[in-house]
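Undergrad: My structure is below; once you've seen it, I'll send some questions.
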Amino acid sequence: MDAVELARKLQEEATCSICLDYFTDPVMTTCGHNFCRECIQLTWEKARGQKKRRKRKGSFPCPECRELSPQRNLRPNRLLTKVAEMVRQHPSPQSRDLCQVHRELLKLFCEDDQRPICIICRESQEHRPHRVVPIEEAVQEYKLKLEEDMEHLREEMMKTEKLQAKEEHTLAEWQEKVKERRERIMVEFEKMGLFLMEEKQRLLQALKKEEEETVAKLQESTASLKQQSHSLERLLLQLEDRNEHTPLQMLQDMKGLLSRKSSLSVQYPEATSIMLKTICRVPGQIEVLKSFQEDVVPDPSTAYPYLLLYESRQRRYLSTPMDGTPCGKDRFLAYPCAVGQEIYSSGRHYWEVGMNLTGDALWALGVCRDNVSRRNRVPKSPENGFWVVQLCKGKRYAPAAFPPTPVTLAEPPSHMGIFLDFEAGELAFYNANDGSHLHSYTQPAFPGPLQPFFCLGAPKSGQMVISTVTLWVKG
């Protein structure tokens, strides 16, 4: 007996003749036949309902040989349980070709349900209205479909492989570009570092030369004045001494003394300018600061009643000065001032202000505490919560500190930049036109939140432009 036949025999032995499936909890009747416990009990229950009379109480006919067997004498068949389990775990190829319901060969294919069926299934109500074809025909049809699908998948695989190769090439190209850019950044910053070092040395040398020239002029003037002072002192002593002599002695050689006095008139030295020509300008600094630039907008509710705020994009006034302007607690009443809507308590911030002012128009720019006095005239100093640069007289721009350290400029700035580093406690002012540094406030920390601060002087003194808002005082 070959292996296939042996497997078939085992399947037959492990199959219940009632349910035509492998045994589940098999039991043996007194006549020696085996059935699933549930199958034989259901069969006998059905027989009990159909036949009210039995030849022997508690006995039922065997479904195989019809011999009566007492229901109590059903014995578990443990060996058959193991055989059924083995067959269930290792079905033969032929068993897989059998219908699980009817144990018939699967010779047909249901197109509607897309699964093989047997001849008995074909006649069932479930499959009778369905399109059914021989399984060989279905195999040929689906083989063609599978070939088409496989060909399509092969083409898609080729496309995927090409795309993968392209992406890998792109990745390598990208990494090479990043490498080159990283090296370029290193080189350029190294060059910039050298350039900045050279520029620093150039500025320091220019400043030193300017210092030496001015010091030499001032020292020369000082020496000349000192010499004149000594000559005048000697002549004064001679005159004092002559004044103490007798009248005749005093009048001797009076003409010579008086002529010497006339020749010793003070020679005033030429005025030496102490306006520094060497500008503190770091190349590229303004461009770096612009990376922190923000649109600062003046707050109309804080503006002095006669301070006009005009929004150029919206083409409208943000505030209309009039006698009946509401005077809230945030509005400035002592000076033509306003603060920005922004409140800064951290971070770095940069903004610019355009200056279109006339003559010696007074103004102030910077930051202030959010709780500064707005009703009373107080000095705009850090002690009062103001960190500003303001115009004093002529072209002198004084930081509002005590004592003030005026900065004299050749030309008034038409565009100023303000940089705030809150955590560092630093506020710096720049001429945005040429990038030169004007002044810095440096302290351990600011005492609290800050707001941009803008102040103008008398009417018709000019305008300030902050972002898209123009400020001026109504005349």
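Cβ coordinates are placed from backbone N, Cα and C, and glycine is handled just like the others.
The Zn(2+) binding site feature in Swiss-Prot is assigned to CYS99, HIS102, CYS121, HIS127. Taken from Swiss-Prot, the feature coiled coil applies to 135-246. Taken from Swiss-Prot, the feature domain 'B30.2/SPRY' covers 275-473, and the record attributes it to sequence analysis. Feature annotation from Swiss-Prot assigns zinc finger to 16-66, 94-135.
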Undergrad: Ranking the binding-site residues HIS102, HIS127 by other Cβ atoms within 10 Å, which is at the bottom?
TA: HIS102
Undergrad: Looking at the coiled coil (135-246) alone, can you tell me the average pLDDT?
TA: 86
Undergrad: For CYS121 (Zn(2+) binding site), just count the other CB atoms lying within 10 A of its CB, please.
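TA: Cβ-Cβ neighbours of CYS121 (Zn(2+) binding site) within 10 Å number 22.
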Undergrad: Determine which residues of this chain, when CYS99, HIS102, CYS121, HIS127 are set aside, have a Cβ within 8 Å of the centroid of the Zn(2+) site's Cβ atoms, and list them as they appear in the sequence.
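TA: For the Zn(2+) site the neighbour list reads VAL101, GLU104, ILE117, CYS118, ILE119, ILE120, ARG122, SER124.
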Undergrad: Tell me the residue counts in helix, strand and coil for the zinc finger (94-135), as DSSP assigns them.
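TA: Across the zinc finger (94-135), DSSP assigns the residues as follows: 8 helix, 11 strand, 23 coil.
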Undergrad: Sort out the sequence-distant neighbours of CYS99 (Zn(2+) binding site) for me: same chain, 6+ apart, CB within less than 8 Å of its CB, listed by position.
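TA: Once residues fewer than 6 apart are set aside, CYS99 (Zn(2+) binding site) is near LEU105, LEU106, ILE117, CYS118, ILE120, CYS121.
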Undergrad: Under DSSP, the zinc finger (16-66) has how many residues in helix, strand and coil?
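TA: Across the zinc finger (16-66), DSSP assigns the residues as follows: 14 helix, 10 strand, 27 coil.
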